Amino acid sequence: KVFERCELARTLKKLGLDDYKGVSLANWLCLTKWESGYNTKATNYNPGSESTDYGIFQINSKFWCNDGKTPDAVDGCHVSCSELMENDIEKAVACAKHIVSEQGITAWVAWKSHCRDHDVSSYVEGCTL
């Protein structure tokens, strides 16, 4: 599922991400825009680590989810990677909360590249929240 921006903003807010660990809703929207284009089915393979990033938050199979094929995987969120690509993003959000609790928002490269030190207010502009 490719979320519409405001629909995703409302969903993330409902699931408790607004200001979770001090990260604003606008920052989460920016992160998911640049990681996946708001697409729950997004996947990207990383040849160097033989791992794959899954779902709207592009959660990595080496550290956070189990896809059954990544060498030396840790499965820190105790979730199958396929569950991170469901249209219902509850499990993906739970894992994102776990990641930001352990490593902070800088765990996401796209956030560092595209959102840090940027005005991200436009990501929630015009949304009825």
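Glycine too: its Cβ is placed from the backbone N, Cα and C atoms.
For reference, Swiss-Prot has these:
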DOMAIN    1-129  domain 'C-type lysozyme'
DISULFID  C6-C127  disulfide bond
DISULFID  C30-C115  disulfide bond
ACT_SITE  E35  active site
ACT_SITE  D53  active site
DISULFID  C65-C81  disulfide bond
DISULFID  C77-C95  disulfide bond
- prompt: How would DSSP class D53 (active site) in three states?
  reply: strand
Field: Residue with minimal Cβ packing [other Cβ atoms within 10 Å] among the disulfide-bonded residues C6, C95
entry: C6
Statement: Its residues classified by DSSP, the domain 'C-type lysozyme' (1-129) shows 53 helix, 16 strand, 60 coil
Statement: Ordered by sequence, the long-range same-chain Cβ contacts of C77 (disulfide bond) under 8 Å (at least 6 apart) are I59, W64, C65, A94, C95, H98, I99
- line: Going by C-beta under 8 A and a gap of 6 or more residues, the same-chain neighbours of D53 (active site) are E35, A42, T43, N44, N46, I59, N60, S61
Field: disulfide-bonded residues compared (C30, C65, C81, C127) - the one with the fewest other Cβ atoms within 10 Å
entry: C127
- line: Cβ density check for E35 (active site), other Cβ within 10 Å (all protein chains) comes to 22
- request: Compute the C-alpha separation of C115 (disulfide bond) from C127 (disulfide bond), stating it in Å without decimals.
  value: 19
- prompt: Taking all residues of the domain 'C-type lysozyme' (1-129) together, what is their mean pLDDT?
  reply: 98
Query: Including all protein chains shown, what's the count of other C-beta atoms within 10 A of the C-beta of C115 (disulfide bond)?
result: 22
Task: Between the Cα atoms of C127 (disulfide bond) and C30 (disulfide bond), find the distance and write it as a whole number of Å.
output: 14
Message: Rounded to a whole angstrom, what is the C-alpha distance between C6 (disulfide bond) and C30 (disulfide bond)?
response: 12
Query: C81 (disulfide bond) to C30 (disulfide bond): how many Å between their Cα atoms?
result: 22
